[in-house]
Every structure is written in C-alpha cells, then in structure tokens.
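Colleague: Take this structure, written in structure tokens, and hold onto it; I'll ask about it next.
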Amino acid sequence: MFDQGFPLLITEIAAAMGLGTLQTAAIFAVRQGGSSATSLGGGPFIDHLKSYWGLILTACMLGHAVTFAAIGGSPTFALLVVVVFFLSIPGSLWHLPSAAAISQRFPDRRGFAISMHGFGSNLGNVSGPVIAGALLGASFIIWRHVFFIYAGLAVFMSFFVWWSLRGLGREDDSPRTRSLGDQFVSAAALLKNPVVMALIFAALLRGIGLNALFNWTPFYLRETLDMSVLQAGVYYALLTGMGIVSAPLLGWLSDKWGRKAVLVPGFVVAALLSLAVVSVGSSLLLIPVMAGLGLFSFALHQIIQASVLDYVGQGTEATAIGLLFGINGVIGIGSPFLASAIIEHWGGYGTVYYYAGILTLITAVIILMIPLRNPNAVNPAGS
C-alpha cells in the first residue's frame, strides 16, 4: 500500500515544489539506487543472520515509520531526495528474509507460495493508489499529511510484525548457519551460472519497463488524460493490483506446467496491452487494458523469482533474491532519466507505454531461449 501510493503522491509533490520531469526522475532514481544497494549487499548478510529474521522484519517496518515522517517534514527538494534514498532501504530489505523463508518452507510449491506472498502485496497495490487518491482528494489534507498517516500505520504494523514473526528463522529444523564469507562465495558462484544470469537479465529488462509504467502512469492519467487525483488512483490501482486475481493462478500453473509455459505467453500479452494503451485514450477500453496489464505486472516477476530459486541451494535464497533485485536496480538507476528523456523529446507521457511494451517483448524472447528446469523435477512433492 505504501509503495503504490508513493508514485501518486509524487504528482502532488512535483506540483507543490514546482519540479520538472528531470527532478522527478531524480527522485525515482535515488529510490532505485538505495533499493539496489540494499538488495545487493544485504543478501549474504540476511542468509547469515537467519535467526534474526523476525527482528529484521520488525526493524524494516519501524524504518518505514521514521522515513515517512521525515518525508512529510522535508522542507526542500534536496532534503527530500536524501530521505527518499533512506526510505528505499527497509522496503528492499523486507523482501530478502521473507522470500527466503517462503522458499525454504515450500520447496515443492515454490511458484505458488511466492505468488501467494505477492497476493498479499497486490492487496496493497490495489488499495494504495485508491487510498492515496482519496486522502489527497480531501480538502483539508495535503501530501505531507498523508506521509504522517503512513508513519502512524507503520508504527502500528511493526507491533503486528513483531508479534507474528518474531520467531522466524529460529525453527528447530533449520540448517546450521554458514559463515558470512561462505555466503559471499555462494553469491559469486551464482553469478557464474549462465541460466541464473539470463534470468536476471530478463528480469532487468522487464523491471525497467515496469518501473517506467509505475513511475509515469500517474502523470499520464492526470496530465495527459486530465483525470482527478481519485480517478487516477483508481485506474492506477488496476495497473498495480490485478495480481490479486492472477498471481495465485499463474504461480500454481508454473508449478504444474513449468515456468516458461506461463512466462512467455504472459509477457507477450503484457507487451501487446502496453502498446495499446495510448490508442484507446480515455475511452472505456482503457479500463480492460489497464486491468489486463495489471494481471501480468507483478505476477510474472514473482514467477521469475521462483525460477531463480529453483537453481539455488538452501541457505542462499536471500542472496539469490538480493542479486536479482540488486543487479536490476543498479543498472536500472538510469531508467527514470531515460524515460524522462523519452517523455520530453518523443511525444509526452504516453510514449512510456511503447517503451515498456518493446522491452517486455524482448524479455519474452529471452525467456523462450533459456533452458529452464522443470520445477516438478527440481522440487518433487514431499521433498
């Protein structure tokens, strides 16, 4: 909910501070940079600190509370950029122990389990833009107030996370924790696996396209189609949250039929829908097109995560997920600036949909060429 409310809030921040597309892109890039640095460096540490996973998740939620409050109180653009960098850290760190724990507990249903983890995220993806839009639509609330509300919610959620997950990673059947040096050696070994690297590259291209859609769609809806902030929030929720419907089904199908059988047609359909957005304009056809895009947004990325985890040994899951997110993030730091240049020089906010569609088609071709393992052979039932 926090993550997908943020791009809509940025439209208000940009208007209030008089930011241009380049300055707005800088906010997105800094957020991406902090996220990628956390993912790359955090993976081996998270695997090494398995017995502290519950406390780490609690600290992540408290970190959100602090950084949201700091954003709400930021008086200048420069300070806002610094705080956004720190905001990206707890959100990125959260994925590492959570994905690792799920992968270890459900090796025979990894695709479905990771997708159900995404199902929870998609509830927030749907509600986030709508809630942010509704709050901003109130005459007595400005964007700063919304971040203070987020901070209060994060404090409340930190108590829930501690109560429910404080024992995560301390299970009696968990293997002996390896040394930190061994974790970094495992990370280097993963980088030598051509299939893992091909999957990371495919996720990179898809991630760049998705980031462009998520970052700039609120601007397209509000400035190009002249929607109200609440109406834009509803349409944006279709793009980000329809994984509620698709994620569990696609995850289950990937376990049953194989990852490639779901990923390739999913990426092709997503690409075609992205290329169709501008042509439908503000007509009612925009509703099914945005909803269709949302069916394949996060859901397919979660299946790529499961594909990578099919190739890693127990005890290195957080390292693998960290590499997947981190490498994509480092290379993708320039993506907001590239999208900004496309918007400025090639026809406005609508051009990002062509940009994302082409990248998604290339991703489909790469996945088609990768010799992925059959998940049923890797993780037989009862293993």
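Placed from the backbone N, Cα and C atoms, the Cβ positions cover glycine too.
Pulled from TrEMBL, these are the listed features:
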DOMAIN    1-375  domain 'Major facilitator superfamily (MFS) profile'
TRANSMEM  6-30  transmembrane segment
TRANSMEM  51-71  transmembrane segment
TRANSMEM  77-102  transmembrane segment
TRANSMEM  123-143  transmembrane segment
TRANSMEM  149-169  transmembrane segment
TRANSMEM  190-214  transmembrane segment
TRANSMEM  234-254  transmembrane segment
TRANSMEM  261-280  transmembrane segment
TRANSMEM  286-309  transmembrane segment
TRANSMEM  321-346  transmembrane segment
TRANSMEM  352-372  transmembrane segment
Colleague: State the non-local partners of the transmembrane segment (149-169) in its own chain: residues 6+ outside its ends, Cβ under 8 Å from one of its Cβ atoms.
Modeller: 2, 5, 50-55, 57-58, 60-62, 64-66, 68-69, 72, 97, 101, 135
Colleague: Mean pLDDT over the domain 'Major facilitator superfamily (MFS) profile' (1-375): what is the value?
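Modeller: Residues in the domain 'Major facilitator superfamily (MFS) profile' (1-375) carry a mean pLDDT of 86 in this prediction.
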Colleague: Please give the sequence-distant neighbours of the transmembrane segment (234-254): residues at least 6 beyond its ends with Cβ less than 8 Å from one of its Cβ atoms.
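Modeller: Contacts with the transmembrane segment (234-254): 4, 7-8, 111-116, 118-119, 121-130, 133, 213-214, 217-218, 221, 227, 261-263, 266, 286-287, 290-300, 302-303, 306, 375.
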Colleague: Can you say which of 6-30, 51-71, 77-102, 123-143, 286-309 has the most Cβ pairs under 8 Å with the transmembrane segment (190-214)?
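Modeller: Most contacts with the transmembrane segment (190-214): 286-309.
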